[in-house]
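*Asks:* Dropping the structure in here first, questions after.
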Amino acid sequence: MTFEQGDWRVRAACRDENPDRLFVRGAEQRQARVVCFGCPVRTECLAEALDKRIEFGVWGGMTERERRALLRRRPDVRDWRALLEAARRDSTEPNEYQNTYRAS
Ligand code: SF4
């Protein structure tokens, strides 16, 4: 599987959702992110949020608090897209991304 290039948003599971549903505050984000769990572009979405340091809303199935925690744990990562792409290529073995993602 290749990393989705171009405009991955057209395949987003939330494409037809009311944006207000994902851009909620606090504990409501944990419920809102359920729509992400079956999203075919979840990884692309998460990479964009992490690389651009997007602070608000649910992206890639992670709340803003979870993303902040991940960024604090991995200050060494400068290119999340590259890291996640590599993880996807090597998805048959446990890797850094999967371990990091599970820990959140
Ligand atoms: S991962 Fe979630 S927020 Fe991102 S595109 Fe998919 S459904 Fe939307």
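Placement of Cβ uses the backbone N, Cα and C atoms for every residue, glycine included.
Whatever TrEMBL says is automated annotation, not expert-curated.
Copying in the features that TrEMBL gives for the protein in this structure:
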- C14, C36, C39, C45: [4Fe-4S] cluster binding site (BINDING)
- 13-69: domain '4Fe-4S Wbl-type' (DOMAIN)
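Set these features in their place in the structure for me.
*Replies:* Around C45 ([4Fe-4S] cluster binding site), the same-chain residues at least 6 positions away in sequence with a Cβ under 8 Å from its Cβ are W8, A12, C36, C39, W59, G60. In the three-state DSSP reading, C45 ([4Fe-4S] cluster binding site) counts as helix.
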*Asks:* What average pLDDT does the predicted model assign to the domain '4Fe-4S Wbl-type' (13-69)?
*Replies:* 92
